[in-house]
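A.B. asks: Could you have a look at this structure, given as structure tokens, before my questions?
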Amino acid sequence: MTKYVFVTGGVVSSLGKGIAAASLAAILESRGLKVTLLKLDPYINVDPGTMSPFQHGEVFVTEDGAETDLDLGHYERFISTKMRKANNFTTGQIYESVIRKERRGDYLGKTVQVIPHITNEIQAFIERGAASATCGEPDVAIVEIGGTVGDIESLPFLEAARQMSLRLGRNSACFVHLTLVPFIATAGELKTKPTQHSVQKLREIGISPHVLLCRADRPIPDDESKKISLFSNVPEDAVISVWDVDSIYKIPQMLHDQGLDRLICEELRLDPQPADLRMWSELVEKLQNPKHEVTIGMVGKYVDLTESYKSLIEALRHASIHTSTKVNIEYIDSEELEANGTASLAHLDAVLVPGGFGRRGTEGKIAAVRYAREAKVPYLGICLGMQLAVIEFARDVVGLKQANSTEFDPNTPERVVALITEWYDREGKVEKRTEDSDLGGTMRLGSQRCPIKPGTLAEAIYGKDVNERHRHRYEVNNRFVPQLEAGGLVISARTPSEDLPEMMELPRAMHPWFVGVQFHPEFTSTPRDGHPLFKSFVQAAIACQQARAGAKA
């Protein structure tokens with residue numbers, strides 16, 4: 001029978017509930033337990049797919065094609081269990097499901113209310129999500145409840161968790177509350193009152209936390225821990241200090257050293273093997289002792305909010321671990337390149353253009369592509385980054401001066417990139433779209449496998465085929481591919497069913513390392529193994545740096 005750990009947050013948002021939940025899962029997995037995680041988001045949107053990156057940050061895509069919260073990316077990076085659509089749901093999905101049932105007559109004429117109908121539906125979604133775990137029936141399901149205790153939006157979820165805990169009985173569920181212990185510089189001390197009030201608010205709705213994770217910018221002294229214990233009615237050894245660190249991969253060891261996994265296992269009556277966190281220690285050791293150092297420029301329009309590129313940043317960090325390289329990421333606003341030119345890119349060892357939407361800043365990104373191609377600097381284009389690389393090549397090498405995407409210019413006569421109107425999803429069903437289709441849930445999504453052209457750089461990186469996740473509406477137009485190939489561009493991977501270009505590259509005679517991918521490889525990168533594409537990209541940056549140094553010598 002699956003046991004449940006509910007993770008709640010208090011005082012302020014963005015304290016790191018997702019990292020805390022994922023770290024706990026990593027420790028429990030290291031003890032031989034099968035673990036899955038779920039994220040409950042209180043907003044009314046059906047999913048984050050149409051939300052602005054400035055509002056929500058990154059949208060993480062699962063293997064089965066769900067657009068989900070970025071915390072699911074943390075979950076997959078910390079444990080071996082893969083996430084699915086059922087691992088993340090929102091208030092919007094809950095209400096949509098309940099209203100659909102009411103319209104069908106499932107409630108037999110009853111008045112449909114938040115309690116019991118909404119709360120029952122939340123519990124059903126939780127149990128369904130746990131049951132669908134890719135690891136089989138999990139020993140533990142960790143359920144992260146988004147938002148902050150005291151928010152109106154979170155109340156149905158907290159009430160559902162309380163009811164579920166009561167229904168399952170003692171030792172079948174426990175609550176971990178993440179809270180803030182701020183340091184007041186003028187007073188020169190940490191303040192415990194916000195934590196006391198947050199726990200009090202939680203207890204008012206019938207939930208008494210078993211463990212407190214106290215976030216601060218420094219370790220919390222024993223005196224403050226004792227005060228928190230006394231006023232929160234939580235045992236002193238269950239008040240755990242979680243201070244700021246330079247790498248999130250240090251968190252599992254930090255929590256284990258303070259006995260978090262022991263407390264959870266005791267409360268849930270689990271008796272697993274001892275924890276083995278050597279992998280995490282080795283990762284941190286490699287991260288802190290690099291042999292090389294490179295600077296990679298990430299050119300985008302959301303660079304002021306790096307949460308928009310969370311998985312991409314982590315993928316580069318994973319590559320740094322597995323290539324013994326310190327990777328410095330320099331965030332470059334593409335609109336500044338439009339205004340000021342590309343002179344600011346001259347010191348970079350590699351250029352990366354990530355995915356994105358909309359016309360704003362695209363000409364600056366195209367300028368960055370042109371610089372990387374002409375200067376022979378390693379280039380990686382992801383999703384939109386591949387499309388822009390094709391547009392730049394079409395304009396500046398092939399001579400199609402009006403080449404563009406219909407996303408940016410619907411009337412362009414040279415539609416090098418255009419809307420995909422028909423494709424097969426991962427189950428083999430035909431999907432069709434038009435310019436008038438809804439924005440939400442209408443993209444090509446999820447993992448799809450395709451063969452790789454022999455003798456290419458792509459084959460050297462991936463092998464015979466590639467299986468990566470997608471999130472896009474636009475695709476390189478096959479009508480222009482013969483002209484592009486005549487100019488030297490190589491389409492190194494295509495989908496087997498629709499013949500859509502998946503990867504492009506320049507031959508090594510034209511450029512040492514220039515790759516574009518229509519998919520999002522960052523979603524499958526983990527600290528355990530890294531990712532072959534990002535490892536190759538970082539190695540190319542090292543080679544570029546060394547060649548440049550040799551030329552100067």
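Each residue, glycine too, has its Cβ placed from N, Cα and C.
What Swiss-Prot records for Cys383 is active site, nucleophile, and it gives sequence analysis as the kind of evidence. Annotation comment: Swiss-Prot describes His520, Glu522 as active site. Look at Swiss-Prot and you will find Ser13, Lys191, Thr192, Lys193, Pro194, Thr195, Gln196, Lys227 tagged as UTP binding site, backed by sequence analysis. The feature CTP binding site is assigned by Swiss-Prot to Ser13, Asp151, Ile152, Glu153, Lys191, Thr192, Lys193, Pro194, Thr195, Gln196, Lys227, with sequence analysis given as support. Under the heading ATP binding site, Swiss-Prot lists Ser14, Leu15, Gly16, Lys17, Gly18, Ile19, Asp71, citing sequence analysis as support. Annotated Mg(2+) binding site per Swiss-Prot: Asp71, Glu144, in sequence order, evidence recorded as sequence analysis. Residues annotated as L-glutamine binding site in Swiss-Prot: Gly356, Leu384, Gly385, Met386, Gln387, Glu407, Arg473. Annotated domain 'Glutamine amidotransferase type-1' per Swiss-Prot: 295-547, in sequence order, evidence recorded as sequence analysis. Residues annotated as region 'Amidoligase domain' in Swiss-Prot, with sequence analysis given as evidence: 1-270.
Help me see these features in their spatial surroundings.
C.D. replies: When secondary structure is read from DSSP and collapsed to three states, Cys383 (active site, nucleophile) falls in the coil class. Sequence-distant neighbours of Cys383 (active site, nucleophile) (same chain, 6+ residues apart, CB-CB distance under 8 A): Pro354, Gly355, Gly356, Arg471, His472, Val517, Gln518, Phe519, His520.
In this view, His520 (active site) is surrounded by 22 other Cβ atoms within 10 Å of its Cβ, with every protein chain counted.
A 10 Å cutoff on Cβ-Cβ distances gives Glu522 (active site) a total of 27 other Cβ atoms nearby, all chains included.
Taking a C-beta cut-off of under 8 angstroms and a sequence separation of 6 or more, Ser13 (UTP binding site) has the following same-chain neighbours: Gly147, Thr148.
Secondary structure at Lys227 (UTP binding site), as computed by DSSP, is helix. Its Cβ placed at the centre, Lys227 (UTP binding site) has 18 other Cβ atoms within 10 Å.
Residues near Ile19 (ATP binding site) in space but far in sequence (CB under 8 A, at least 6 apart, same chain), listed by position: His74, Ile248, Ile251.
The Cβ neighbour count for Glu144 (Mg(2+) binding site), using a 10 Å radius and every protein chain shown, is 27.
Using a 10 Å Cβ-Cβ cutoff, Met386 (L-glutamine binding site) registers 28 neighbours.
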A.B. asks: Work through the binding-site residues one by one (Lys17, Pro194, Thr195, Gln196) and name whichever has its CA nearest to the CA of Leu384 (L-glutamine binding site).
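C.D. replies: Given the candidates Lys17, Pro194, Thr195, Gln196, the nearest one is Lys17.
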A.B. asks: Given the binding-site residues Lys17, Arg473, which one's Cβ is surrounded by the fewest other Cβ atoms within 10 Å?
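C.D. replies: Taking Lys17, Arg473 as the binding-site residues, the minimal 10 Å Cβ count falls on Arg473.
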A.B. asks: Taking every protein chain in this structure into account, which of the binding-site residues Gly16, Pro194, Gly356 has the most other Cβ atoms within 10 Å of its Cβ?
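C.D. replies: When each Cβ's neighbours within 10 Å are tallied, Gly356 leads.
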A.B. asks: Please report the Cα separation of Pro194 (UTP binding site) and Glu522 (active site) in Å, rounded to an integer.
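C.D. replies: Checking the Cα atoms of Pro194 (UTP binding site) and Glu522 (active site) gives a distance of 37 Å.
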A.B. asks: Tally every other Cβ atom lying within 10 Å of the Cβ atom of Leu15 (ATP binding site).
C.D. replies: 19
